[in-house]
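K.L.:
The structure's right below; bear with me while I get my questions together.
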2 protein chains.
Amino acid sequence: MAAPETIAQDGGTWTFPASQPLVLDSGARIEGLELAWRSYGTLNADKTNAVLVCHALTLDQYVAGEHPTTGKPGWWTRMIGPGKPIDPAKHFIVCANVVGGCMGSTGPASINPATGKAWGLAFPVITIRDMVRAQAMLVDALGVDTLLAVVGGSMGGMQVLQWAASYPERLFSAVVVASAARHSAQNIAFHEVGRQAVMGDPDWRGGDYALHGARPEKGLAVARMAAHITYLSEAALQRKFGRELQRDGLSWGFDADFQVESYLRYQGASFVDRFDANSYLYITRAMDYFDLAAEHGGVLAEAFRKARDVRFCVMSFTSDWLYPTSESRHIVRALNAAGARASFVEIESDKGHDAFLLDEPVMEAALAGFLDGVERARGLK
Amino acid sequence: MAAPETIAQDGGTWTFPASQPLVLDSGARIEGLELAWRSYGTLNADKTNAVLVCHALTLDQYVAGEHPTTGKPGWWTRMIGPGKPIDPAKHFIVCANVVGGCMGSTGPASINPATGKAWGLAFPVITIRDMVRAQAMLVDALGVDTLLAVVGGSMGGMQVLQWAASYPERLFSAVVVASAARHSAQNIAFHEVGRQAVMGDPDWRGGDYALHGARPEKGLAVARMAAHITYLSEAALQRKFGRELQRDGLSWGFDADFQVESYLRYQGASFVDRFDANSYLYITRAMDYFDLAAEHGGVLAEAFRKARDVRFCVMSFTSDWLYPTSESRHIVRALNAAGARASFVEIESDKGHDAFLLDEPVMEAALAGFLDGVERARGLK
């Protein structure tokens, strides 16, 4: 284990020592893996106040404060920041870009040491468990044995569930928001549409676009547009856009007549500026492969058998049709069956899956209340 | 009006006489429009047994029997055929490929007489009302004043609603299945993803692919894949495919690992063999433009003000999230407000939007019962 002294306490890029390759579920291994991470707050003397945050598909390590490249607020400032449920004044908050990502961690756009060129499709397929395994090694390097909490929404919630299954002794509590213990057929289907859009773009070049100075921008934009619809509820789209036009009258052509068209085109176009197309393939694949019960003989409760002492908080949103409440209930039933401590909140919201990133006072209050109890139990209060 | 003698009674292609250009909502006009149509059964002496069937986005005039090019059964053999609610033994059943389509009617793949080349994007944008206007002219040519029923599902249902608004005196009854009186923001959003997939394919060539011997197959396949997900419920996808694999074990790559991926790829690939990409753009646009209330001062009931004597039957499916029951209820409320006769059935089904094309005995029974009453009222029984 790397000594805590060798790693900065506020973030940066941590290169795994030569003695610690990342061994993947596929059997492949990555030598010298780099994890880009960020922390907020200070680890206490007892090392009992560390909170690991796990990010969603296209997000990154910048959970709070200002994002260094976009200048926008971090993606979870509703939940993390001064006076928020997760507060740098009392917590040591860590978030790392996932393996396979494109915000500084090793991924398909990184240089393959064997060739000196971008990995492209030579990069090994990764899983949610691989992401979590790498995070656990980073947490080791930070000198933290037990995390006060592991917290995440959407794909981040999958990582939280995997933490509970893989390292139950290393977490005191776990918060799973708007997530699922496995990808459904519809989830896989939407991801496959996105991948086919990317891979069908001639500029994808079999994954080697970087070698050709090209980028499959149109395909990736279409992938993002399709995915974006799944992040919003029908009601939210209707409330925000309805059938409002961009201009007076129809164009009688194929320009963006409706505001919702213009909005989606913008979502697609801005996404390609900040995200790598191959990372999109790899991370969606990791999510599609995720099926926590399958790792445990098809019985989800078995995944949590050793996590009986972990305090769980599961949250879902009524209008989330991507990871609907039924998926959260499925998790909660398994936790109950395993004898784990689980609290569950279904939050009334018309904002769809994206609610977990938006202003949802009940979510904030529920997390604050849950963490308050966790801190008391941990002797921090 | 063309004399009935000049037009075959079992279908073919009808060319609008020079005196009857199709004047479009956009202000454009199409001279010498061709409508490919098919009929089943015989028009009775009183000309009171004609049933017009309106087809959905990617379907065609072959509602029953065997499809001449695919060899598969017509798309509505559940509802139309010997012993079925709509029966050639007693009804004269007519269905025409919509204007803008690609199964024989004039559309963007047809030859533009002004240039001698395929229309491409020079084809005028068409609306649901334009489709219905052309159908009314065909019905005229067939010598039918009043249709016993106009029947359609999905986009076909939109045409039925438009018939009731535009030609209330020409229909005795109207059957609207799994449809809506306007496209929602989410409906438009999914269509826009499909259009961007087509138009982003370099083989689309600004719509002039036919001139270059190319076809935007990859873009159109992605469009179809995205649309296809919206035709099925999450439950249906889970029941049919779940997380079943194609082979033993995962590929650890980007092949189709899951059966649902393979199924979607097949849906995309087979669609491009039978459908024209520009027709897809034009017909989705017509659907997005559809907003029957907007044509009537924003009050849907006004659209049905003159349709008080038409007998309406509206059907929806519980798991249809593309045109959910709430949209059908909205139609029924407007019909009630207009003082029209409306019956409404919400059918319990987990098959999603596509239920209207599948084995749904309640739908079949409801249509049979409704038409039985209609025939009695019309003096046919």
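Cβ coordinates come from backbone N, Cα and C, glycine included.
Annotations per TrEMBL:
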DOMAIN    B:50-358  domain 'AB hydrolase-1'
ACT_SITE  B:SER154  active site, nucleophile
BINDING   B:ARG224, B:ASP354  substrate binding site
ACT_SITE  B:ASP320  active site
ACT_SITE  B:HIS353  active site
K.L.:
Within 10 Å of B:ASP320 (active site) (Cα-Cα), which of the recorded positions B:ARG224, B:HIS353, B:ASP354?
P.N.:
B:HIS353, B:ASP354
K.L.:
Near B:SER154 (active site, nucleophile), which recorded positions out of B:ARG224, B:HIS353, B:ASP354 have their CA within 10 Å?
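P.N.:
Among B:ARG224, B:HIS353, B:ASP354, the ones whose Cα sits within 10 Å of that of B:SER154 (active site, nucleophile) are B:HIS353, B:ASP354.
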K.L.:
Counting all other Cβ atoms within 10 Å across every protein chain shown, which of the recorded positions B:ASP320, B:ASP354 scores highest?
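P.N.:
Highest number of other Cβ atoms within 10 Å: B:ASP320.
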K.L.:
Using DSSP and three states only, what is B:ARG224 (substrate binding site)?
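P.N.:
In three-state terms, B:ARG224 (substrate binding site) counts as helix.
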K.L.:
Considering every residue in the domain 'AB hydrolase-1' (B:50-358), what is the mean pLDDT value?
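P.N.:
PLDDT averaged over the stretch: 97.
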K.L.:
Report the same-chain neighbours of B:ARG224 (substrate binding site): residues 6+ apart in sequence with Cβ closer than 8 Å to its Cβ, ordered by sequence.
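P.N.:
Within the chain, B:ARG224 (substrate binding site) has Cβ neighbours under 8 Å at B:THR58, B:GLY194, B:GLN267, B:GLY268, B:PHE271, B:VAL272, B:PHE275.
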